């Protein structure tokens, strides 16, 4: 690792330009005064980082589309394959179930083999699963289409922990939260397309041969896109830049491999109380989002029969609003670094949005549903990158992939529980009772978020480097 060499005149000039820390920084600065100050290391931002982010987002988008391509037209696939609603729900929930046992080995792979290998293998699974499904546009092939969906679900394990890792390895201190938000946006864009396209490509027609033809077209389009993205990943995707983008990453690279233990890292995270509170609260919020997404078609069709296309458009509204929310939250975090305050505010507004959506769903006006669904999506989907970035702050210098993996594991567990439970409640008591069920857990998550201690370790590491620079500049100028 090369050290940045500053001439005395350049250091003096820098010291003249450094602003005095304001009162909000006083407590952090005092904590660092007695800390061991590390030398400033060379950092650099590469233009290639944006290409890396785009390719990963496209890969994540392709996989997320295939997650919802069944459930958003669940009534059509139930008739085509002659199956019940629970079987259709499992075509979505298999994504959650697969994640739980595979996340630990994939996190180990991410730490020991690197991000590129993980992304390439995941993209391969995504491509293979998509091609398996091209042969299943037949009423007798439900078992095979389920297997293809299972293979695609394995790819998800290789995706969900990457955004924060990619952002930390490639992006600067003032853009890392925005980059993480854009990485999450790829997944959200796939969900949006998964809501919008299947109802258009697969209309609710009576002729089974015509229906099979439409389903086949959808499957082949998915496979073609997944293949193109796999090729791009193999050609374009790199592990990390030659020179790190931030002081925090530069210091992390200086750690000897012998100093890092994957098992010890997991144990440290499990003993980190603020992080574990975030793990549970994140799982509650995202689990509710997964349940709403999976069961959206059933909720809309119950109150607005024959509106499959509008059900998809409502789902699209949820996700597009969430993408805007994600970007705004990411930019806000980069500007203010108010991780806990922002996370708590967005969580509370997600609860309010869910309550409004629940009590207006049955009013008989689709425009009201579009409006309330957009508000819900803005906050509930916008919460996703906030959880990732807050986790990285609370757990630095632990691997970003490990902390993100534990967050997502919690989300998958709650996603399965909430989807099955809400589905049963809807069948017995209706959509309002099912949505109130989710609101109760969002309230619990909001309270838990309020108890999280805001220990921003990554920010302290970068601030420590700035304090070191000021100290060096002052000493040089004094001489």
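Just so it is clear, glycine is given a Cβ too, placed from its N, Cα and C backbone atoms.
As annotated by TrEMBL, domain 'Major facilitator superfamily (MFS) profile' applies to 51-457.
The transmembrane segment annotation in TrEMBL covers 50-70 (among others).
The transmembrane segment feature in TrEMBL is assigned to 90-110 (among others).
TrEMBL lists 117-134 (among others) with the feature transmembrane segment.
Listed by sequence, the residues of this chain that lie at least six past the ends of the transmembrane segment (146-164) yet keep a Cβ under 8 A from its Cβ atoms are 56, 59-60, 63, 66-67, 70, 90-91, 94-95, 97-99, 102-103, 106-107, 110, 115, 118-119, 121-126, 128-133, 136, 179-180, 183-184, 187, 385, 388-389, 391-392, 400-405, 408. According to TrEMBL, the transmembrane segment annotation covers 146-164 (among others).
Positions annotated as transmembrane segment by TrEMBL: 176-197 (among others).
Taken from TrEMBL, the feature transmembrane segment applies to 217-237 (among others). Within the chain carrying the transmembrane segment (217-237), a Cβ under 8 angstroms from the stretch's Cβ atoms is held by residues 51-52, 55-56, 58-59, 62, 65-66, 69, 116, 119-120, 123-124, 126-127, 129-131, 133-134, 136-137, 197-198, 201-202, all 6 or more beyond its ends.
According to TrEMBL, the feature transmembrane segment maps to 275-293 (among others).
Positions annotated as transmembrane segment by TrEMBL: 313-332 (among others).
Using a Cβ-Cβ cut-off under 8 Å and counting only residues 6 or more beyond its ends in the same chain, the transmembrane segment (344-360) has close neighbours at 281, 285, 288, 325, 329, 368-369, 372-373, 375-376, 378-380, 382-383, 386, 431-432, 435-436, 438-439, 442-443, 445-446, 449-450. According to TrEMBL, the feature transmembrane segment maps to 344-360 (among others).
Annotated transmembrane segment per TrEMBL: 366-386 (among others), in sequence order. Residues 163, 177, 180-181, 183-184, 187-188, 285-286, 288-289, 292, 300, 304, 307, 310, 313-315, 317-326, 328-330, 333, 339, 342-343, 346-347, 349-350, 352-354, 356-357, 360 of the same chain lie 6 or more positions beyond the ends of the transmembrane segment (366-386) yet place their CB under 8 Å from a CB of it.
Annotation source TrEMBL lists transmembrane segment at 406-426 (among others).
A Cβ distance under 8 Å defines the sequence-distant neighbours of the transmembrane segment (432-452), meaning residues of its chain 6+ beyond its ends; these are 274, 277-278, 280-282, 284-285, 287-288, 291-292, 295, 299, 340, 343-344, 347-348, 350-351, 354-355, 357-359, 361-362, 390, 394, 414, 418, 421-423, 425-426. Summarising the annotation, TrEMBL assigns transmembrane segment to 432-452 (among others).
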